[in-house]
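**Student:** Straight from TrEMBL, here's the annotation block:
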- 44, 323, 353: Mn(2+) binding site (BINDING)
- 83, 260, 293: phosphoenolpyruvate binding site (BINDING)
């Protein structure tokens with residue numbers, strides 16, 4: 001399905017720069033040294049129709065606010081990596097599904113086919129649509145960041161009305177007040193007068209699933225191959241087999257890459273996979289990020305358990321990867337609004353897996369910040 005449009009995509013301009021990709025890898029190397037934290041988040045599957053100014057603004061705002069909370073808790077810089085501007089392909093377990101009595105192709109992301117029943121036939125023209133929607137999303141995002149949208153003083157315009165629990169609201173309010181006081185102190189001291197507090201790095205990422213498109217976006221620069229369609233790609237649980245084409249492609253690019261791991265990943269296989277993808281770690285620190293796959297329920301308890309396990313093992317959590325949206329959707333139960341299964345049909349709009357909404361995402365950030373802050377306390381302080 002790719003053959004007609006791959007040459008066209010290959011001739012189109014890159015979406016990111018080599019310098020940007022290398023900068024992200026260096027920041028991830030700092031994460032490996034415990035000097036930085038990573039927040040990666042966004043839609044499970046992007047939609048072409050989401051390429052709208054207000055939706056893009058909400059995506060950037062939730063990433064900024066969450067990262068600001070994490071910076072305050074972790075006491076270290078936070079790298080923001082959005083699942084945005086290219087997350088248009090999805091792996092599926094089945095080739096077909098039955099809708100209204102008719103067997104149709106499974107939805108594989110809008111780079112391949114449409115979500116609605118009558119759009120399920122794979123269409124190669126969608127590759128070009130994916131490229132141009134990615135370009136438009138990136139262009140508007142950069143325009144916002146270049147014009148003060150990322151000013152952290154503005155980012156601290158918090159919306160805590162969603163917190164129904166009075167004890168938790170008071171706790172979050174104290175945390176927000178402390179963050180705002182810190183910002184005011186920094187501003188009063190003149191730090192950031194050079195606009196350093198009015199902009200930020202925002203890297204983009206997507207799953208490297210459609211190899212035809214990914215290869216078309218790959219360029220040779222100074223003897224190395226870079227995928228210049230995004231900053232960061234990850235290889236999924238269904239495509240990480242050592243003898244598959246995805247591993248062969250991933251091991252050849254200079255981009256930092258993620259590897260999804262979970263209960264179905266045998267430890268010995270993971271070691272061999274990492275060695276294949278990363279034969280010279282001393283030369284390319286920050287190249288590989290392991291992304292652990294958890295269930296879609298009890299997210300808060302899983303985050304807490306993860307932090308506790310790292311504390312017990314003498315290691316540290318380098319970041320979180322969350323499927324989320326800045327929209328007020330109802331796709332996951334729980335959270336500060338107390339959503340139940342009965343609420344899910346109200347605003348269930350995802351085209352794939354459920355996402356945390358704004359309030360649920362912020363709750364994860366607040367609680368994770370609390371854990372990280374405790375993690376960095378000295379033993380006598382925690383008694």
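Residue positions begin at 1 at the first shown residue.
Cβ coordinates come from backbone N, Cα and C, glycine included.
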**Student:** Measure between the Cα atoms of every pair in 83, 260, 293, the residues the record assigns to phosphoenolpyruvate, and report the largest value in Å, rounded to a whole number.
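**Tutor:** The two farthest binding residues have Cα atoms 16 Å apart.
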**Student:** I want to verify one value. Collapsing DSSP to three states, which class is residue 323 (Mn(2+) binding site)?
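**Tutor:** Once the DSSP labels are grouped into three classes, residue 323 (Mn(2+) binding site) ends up as strand.
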**Student:** Can you give me the Cα-Cα distance between residue 83 (phosphoenolpyruvate binding site) and residue 44 (Mn(2+) binding site) in Å, rounded to a whole number?
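**Tutor:** If we compare the Cα positions of residue 83 (phosphoenolpyruvate binding site) and residue 44 (Mn(2+) binding site), the gap is 8 Å.
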**Student:** Translate the DSSP assignment of residue 83 (phosphoenolpyruvate binding site) into the three-state scheme.
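**Tutor:** Residue 83 (phosphoenolpyruvate binding site) sits in a strand per DSSP.
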**Student:** Taking DSSP as the reference, which of helix, strand or coil describes residue 353 (Mn(2+) binding site)?
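**Tutor:** Residue 353 (Mn(2+) binding site) sits in coil per DSSP, no helix or strand.
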**Student:** Specify all same-chain residues, apart from the site residues 83, 260, 293, whose Cβ lies within 8 angstroms of the center of the Cβ atoms of the phosphoenolpyruvate site, ordered by sequence.
**Tutor:** 207, 234, 236, 237, 258, 291, 321
**Student:** Got a sec? Which of these binding-site residues, 323, 353, has the most Cβ atoms within 10 Å?
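**Tutor:** The residue with the densest Cβ neighbourhood is 323.
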**Student:** Cβ within 8 Å of the Mn(2+) site's Cβ centroid: which residues qualify beyond 44, 323, 353?
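**Tutor:** Apart from 44, 323, 353, the close residues are 43, 45, 350, 352, 354, 355.
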**Student:** Judged by the number of other CB atoms within 10 angstroms, which among 83, 260, 293 is the least packed of the binding-site residues?
**Tutor:** 293
**Student:** Please report how many Å separate the Cα atom of residue 44 (Mn(2+) binding site) from that of residue 260 (phosphoenolpyruvate binding site), as a whole number.
**Tutor:** 14
**Student:** What kind of secondary structure is residue 260 (phosphoenolpyruvate binding site) part of, going by DSSP in three states?
**Tutor:** strand
**Student:** Please report the three-state DSSP label of residue 293 (phosphoenolpyruvate binding site).
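**Tutor:** Its secondary structure by DSSP: coil.
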**Student:** Measuring Cα to Cα, how many angstrom lie between residue 260 (phosphoenolpyruvate binding site) and residue 353 (Mn(2+) binding site)?
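**Tutor:** Counting only the Cα atoms, the answer is 16 Å.
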**Student:** I need the CA-to-CA distance for residue 353 (Mn(2+) binding site) versus residue 293 (phosphoenolpyruvate binding site), whole Å please.
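**Tutor:** Given the Cα positions, residue 353 (Mn(2+) binding site) is 13 Å from residue 293 (phosphoenolpyruvate binding site).
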